[in-house]
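Below: one structure, written as structure tokens.
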């Protein structure tokens, strides 16, 4: 017979908590606890008083994109809305938290297309060939430009067709996988399911149910009846988006025209923020392209090009890109990078441009090529070959200048060709000086650099050769001084633009700000320049394509239009942003945001109603869907794709624009409407009750796009009383203080976290992770500690309830009882304030950690007489209630199953103090705890001195007595010093007049006291920290009486045979007098010694 004792599972505590969580979730499911409805018209027919009679709260979170499982970062943001929902519900409101699922846009379609190609390549079982064959397969799946002059094929309409494309850099980095099927496998998709994802619609049915499962597992208080998926797969949501877009067009918010936009040649459409793997928030940067005509090639270039018949009879231009067209009067040369590859590109029948291929690719989509989107390259050449070429520089006083080498030319910015204006560009000036000093080293003929800077702009600070002046001031000696040159550039450019005056040309005498656009127009009108755009920085589409800027005919939302912008700014001014940083980010976005393409031709979504060849892009169909939540449950009642009508029996085809207008905009009941008016009134009641939106929670990265669009669309489509009330933004979530990343393994899905730690421990750790806009941190050690704390507290509470007959009853008015109740009341107030301000880490601090510390103290100080049953049971209920928004499963269990309270805790009233918080009692409590710590610290200090051989014969292990000497007043010299500081303190500036303080102290003859100035310095620190209230040093409580009250506790907890509380006047021996002498009110003198018990 095996008598070995089975080892307890290391996860037993977690498992016990998870068992409770599953039971509680089943309870909520059966009770339909999170289904929240507006009051019916029968309950309250008057909309004007409904919110007063039935207060409400509606929170939302940006519906997650359904190309994978929800990760811990999703849960971090979700819980910000979810905690608020739980709290507001306990404050007596009908608190609604709905969630839908976003499927619009490119990502799902792009991934499905990749899988289709991989199925063709590797078969249904995705069997990879050998390594050498694999390389060929990857090449076949890639878009390798090589020497091919075409960047993807373009059909007759100018729309690029699809081509095989390799996985983009960012996606490869984030997954560590080469192929889409590997990514799916690593995401937990079974092998037998992967092939099904080649159908883009399959994603819409696979991931949303998993998201619902994950949210339920963490206990999210979501009304799932109101959930839906986007795109035209859901005909109800599709009709809602059609109404939105049609109304925006009627309001003249949607317009059509040529615009420069970030564009993916591979996808054949604009690439908006949500379509990007990298480069979110990047827009077009406009330059003036400058055409420097070739007059004579360098010898090496002549040799290279002499056989090229394509150049015969053609105009060849070096093309530079400048942000400062007003400075072109000062050109002395042109720069190229010697190691950069340049190309000669056919632009039309007569002109050839010389620039980088990257720039030519951008130009090809802006009308600067024979065929749109086609880069026709004649030859590629190194920059070194071009040095010494003679060109004509537009507007320059020099008829001909030379192409020269520059070390800092970037192939990834502009065209790779740089105009040189040494009078007003520190980089150009420094480089030109280098070339003059070291002509042989740089392989340039001295005659090529024999051009002096031309004064073209006069500035009050730096004169008319600003670049030369600043370079000399900063002692810049070379083009290699990059940091100093960056500083100089900023100084010169700002001074020139804001304070400069043009000295030459048609606009001589005009301020630079006025002349700049006029000179730009002059260059363009004389065909010496043109408008050129490129992305501000690298943008990669989700299909792995490097994006360009294209000039497209497209539908766009006219964000930035004056009147619309003013409305948005008005909304923002009334919006609660929970902090200035979020507000400032909104203000910056409103300042720059303008026209935004709202249509695309590839991906998933709803068709543009008036131009169905296009889809509504993903950041345009996701701006007001919060309104859709208010009626979704009535239309399709939790059927995500709207394939079946909901409780009202309304068909999707019946949801016309006029019907939506009736519901959302107080429109007239439509003529010949097939839906009975009372049904529409019911939907209208839901909308009017839950709107305006009380809280929108989101990551800070959505402020420059989605959240600002959210404001713009609400102010356009809804009356002011339905504009949103609050937006709370948060940072990204780190895991163990490192960025979450699949490639490094530092990654966790929401499901992983709940399985590993349980729902409540995960929720507590998310609450503890942080509340600011800076990045937060999920610490796994905190999650483990939460498991232990929850389990231990559960066990202790169960034990107390089980043995409640042993608890003290009767009067609960002794000092310790009053302190305990007072602390409960104080912590209720502090926790309430934290929840009100959405500071959930503080809510945990006060309503969980410090509340338990109060319990620990009470348990310790009442060890002799015992805890009072009524107070302890109140504490247990308060603990469950305060923690309920954050850890609802644990709280529900304690509330119902342990404490046998009626109803669900999520419906219980949030606790309120049982009385006024007694500040005198708080101060007395802090004082007692401070005294205990002080005595323990002094004992430790005495033993350290003993070890160092100093005279200390006290042994804390032997019988000992404690004398505490209480002072009734402060020393006279301290009172004089404090009064002097008070007289010399300026409360507005928070400063002291130190000279006057010393003068008063000298006059009162206490400056000679060696204790005076150290005391003054320490007291000033106290004032700086706590303010003018520090000058009042009187105690709120009776120190002597308080110490007498707790003397038995001090005796027991500190291990003393005898504790004496004495006035300082009763100090008799020299040792006692020395101790009593240092005592002041609030800081008694402490003397301990061993006693002889023989």
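Here the Cβ of each residue, glycine as well, is placed from N, Cα and C on the backbone.
Feature annotations, reproduced from TrEMBL:
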DOMAIN    53-115  domain 'Aminoacyl-tRNA synthetase class Ia'
DOMAIN    695-783  domain 'Methionyl/Leucyl tRNA synthetase'
DOMAIN    817-948  domain 'Methionyl/Valyl/Leucyl/Isoleucyl-tRNA synthetase anticodon-binding'
DOMAIN    966-1032  domain 'Leucine--tRNA ligase RagD-binding'
Does the domain 'Methionyl/Valyl/Leucyl/Isoleucyl-tRNA synthetase anticodon-binding' (817-948) come close to the domain 'Aminoacyl-tRNA synthetase class Ia' (53-115), meaning at least 3 CB pairs under 8 Å for residues 6 or more apart?
yes
By DSSP assignment, list the helix, strand and coil residue numbers for the domain 'Leucine--tRNA ligase RagD-binding' (966-1032), in that order.
41 helix, 5 strand, 21 coil
Averaging the per-residue pLDDT over the domain 'Aminoacyl-tRNA synthetase class Ia' (53-115), what integer do you get?
95
Counting each residue once, how many in the domain 'Methionyl/Valyl/Leucyl/Isoleucyl-tRNA synthetase anticodon-binding' (817-948) are helix, strand and coil under DSSP?
100 helix, 1 strand, 31 coil
Going by DSSP assignments with H, G and I as helix and E and B as strand, what are the residue counts for the domain 'Aminoacyl-tRNA synthetase class Ia' (53-115)?
29 helix, 13 strand, 21 coil
Could you give me three numbers for the domain 'Methionyl/Leucyl tRNA synthetase' (695-783), the DSSP helix, strand and coil residue counts?
43 helix, 21 strand, 25 coil
